[in-house]
Amino acid sequence: METPLDVLSRAASLVHADDEKREAALRGEPRIQTLPVASALSSHRTGPPPISPSKRKFSMEPGDEDLDCDNDHVSKMSRIFNPHLNKTANGDCRRDPRERSRSPIERAVAPTMSLHGSHLYTSLPSLGLEQPLALTKNSLDASRPAGLSPTLTPGERQQNRPSVITCASAGARNCNLSHCPIAHSGCAAPGPASYRRPPSAATTCDPVVEEHFRRSLGKNYKEPEPAPNSVSITGSVDDHFAKALGDTWLQIKAAKDGASSSPESASRRGQPASPSAHMVSHSHSPSVVS
């Protein structure tokens, strides 16, 4: 059975190993090894063996499960920390004299017990003793130097062409609204209001306004518009229907001419031309196309 002196000596050795582990982490020396803690503690113990082996085995079973879980955690953390610990601050890989004097068991137990003691804040040389370890993606992105981030020059931020929304400077404006090509109530030019108006030779407009109307109305927006389209009748109605209906229109026209000539011939003979008789003759006539 262990005496209080053995317990105190083991605790003092763990504290001393923890301090040396912090110094080694600050120097950037990789000392993390995944040696089982149970075998290291059993071989390094200076006290007498337990009196009751069965009782000792029963009491260590829950602890062994916890140590196995901790060993898995240590192995995962060691894979994360090794790339950072392999880079020393000054490129000096020489060992400390105190590190050379320690036994291999102490070198294995010290980093393992320091991780079990929740001292995970001194793994990186650039971090302080009390700063938490940042393993998130945002912190890694924030730790990048500012020179690597893409920066835009003032020339790239500006647009390649002037915007039609922004106003030009007061010195560049040589005209007022009455001289601009858009129609409004303040126009002094006579004639109907239109968007396309012949420009005045004595006035010049804002280049921003010119660019706006050139994009909206085309390159030749200053040219006068042609006269509004008026309805022009070319040809006669007969020509129009002859082109549209063809032979059908000729048949209709012949039927109309025959119908109009029949009342005139009847009146010349002295026979009355009643409308009912005319309608009956039309209804029985096979040549009439309604």
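Yeah, the Cβs are placed from backbone N, Cα and C, and that goes for glycine too.
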Listed residues Ser262, Ser274, with the one flagged phosphoserine by Swiss-Prot: Ser274
Swiss-Prot tags one of Ser52, Ser103 as phosphoserine; which one? Ser52
State the count of C-beta atoms found within 10 angstroms of the C-beta of Met1 (N-acetylmethionine), not counting that atom itself. 10
